[in-house]
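J.: Annotations per TrEMBL:
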type	residues	note
BINDING	118-131, 154-163	acetyl-CoA binding site
COMPBIAS	235-249	compositional bias 'Low complexity'
DOMAIN	1-184	domain 'N-acetyltransferase'
SITE	Gln53	site 'Crucial for catalytic activity'
Amino acid sequence: MEFPFSINQLFPERVSILDQTLVAGRKTTGAPHLQANIETVIDELGRASAKAQQLPASITSASKLQSQRHQLYLLKDGESNGGRGVVVGFLKVGYKKLFLLDHQGSHVEAEPLCILDFYIAENLQRYGHGRELFDFMLQHKKLEPVLMAYDRPSPKFLSFLAKHYCLTPSVPQANNFVVFEGFFVNRSVAQLRKVPLKKPDGEIKPYSLMEREVVHQEQRARPWPFAPPHSPLRSVSSQCSHSLSVGSSPSRARPQAAPVSALGRNRDQSPQSPLIERCRERRSSSLNRSHLGLH
């Protein structure tokens, strides 16, 4: 890409690294007109990249680079354009916190270096410039391409990665990022953290299922005073309450229900405790003795 000003004056190195300061070298420091030209170059590169990828808006601009912690690698050809230089292309990278899926489908939290935008001018493609720029970034970051994530790579970029770095196939993800086989294998444990599954509301105790069944039966049946004495509800309820009580004693006798008459029972009749039965026996014995004494 050609510009009406000198690219060599803005970018002294063949590959310049720009960050939030938008400073490519000492010559641009404190020079407002040079700083404005750098912003123009970045904005034009971002628009050209969005057009090539058929994106509705630019994802790279000078203002975005100033507000984000990203780095932009800019490649130039200093001998073209009458010695003023031309911009060949750029590569933008940055760290992103991502939730990815590994080979087993488990969610993994990672924060890898991501390729966010990559563009080489159309008239300068297929000359090895893209490989030169990508290799420079890898050497600068001291990183292998398989350990990186790629944000919405175009089919042409995927072919580039497969041809030069054998990055294929990819591990399917739910988001727009692409990672390749080896991303989870070659990365240290400290760089990956498995996201724990959501814990259940409460641990089910061994007796909870029985207790819940009793509650359901009590909700469906009539209340205790009106329930039949030998109904399943009364027997199950008494057994569960006996086994679930904190201070119950194993030797404690259960209440015995009165025998059922063949013709039925009085509606007010209810099972009595052994204590009440003993009281009635003593009362009956006392009445018999007094009756015998009088006659």
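Glycine is no exception: its Cβ is also placed from the backbone N, Cα and C atoms.
Just so you know, TrEMBL annotations never went through curation; they're auto-generated.
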J.: Here are some binding-site residues: Gly130, Pro155. Which one has the most Cβ atoms within 10 Å of its Cβ?
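T.: That would be Gly130, with the most Cβ atoms nearby.
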J.: Cα-Cα, whole number of Å: Leu161 (acetyl-CoA binding site) versus Gln53 (site 'Crucial for catalytic activity')?
T.: 16
J.: Quick one: give me the count of other CB atoms within 10 A of the CB of Phe118 (acetyl-CoA binding site).
T.: 26
J.: Whole-number answer please: how many Å between the C-alpha atoms of Ala121 (acetyl-CoA binding site) and Gln53 (site 'Crucial for catalytic activity')?
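T.: So the Cα of Gln53 (site 'Crucial for catalytic activity') lies 12 Å away from that of Ala121 (acetyl-CoA binding site).
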J.: Does anything in the same chain, at least 6 positions from Leu158 (acetyl-CoA binding site), have a Cβ under 8 Å from its Cβ, and if so what?
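T.: Leu158 (acetyl-CoA binding site) has long-range Cβ partners Val178.
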J.: Work through the binding-site residues one by one (Ala121, Leu124, Tyr127, Leu161) and point out the residue whose CB has the fewest other CB atoms within 10 angstroms.
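T.: Comparing Cβ neighbours within 10 Å for the binding-site residues Ala121, Leu124, Tyr127, Leu161, Tyr127 has the fewest.
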J.: How big is the Cα-to-Cα gap, in Å, between Tyr127 (acetyl-CoA binding site) and Gln53 (site 'Crucial for catalytic activity')?
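T.: Taking the Cα atoms only, Tyr127 (acetyl-CoA binding site) lies 20 Å from Gln53 (site 'Crucial for catalytic activity').
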J.: Across all chains shown, how many C-beta atoms besides its own are within 10 angstroms of the C-beta of Gln53 (site 'Crucial for catalytic activity')?
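T.: Around Gln53 (site 'Crucial for catalytic activity'), other Cβ atoms within 10 Å: 16.
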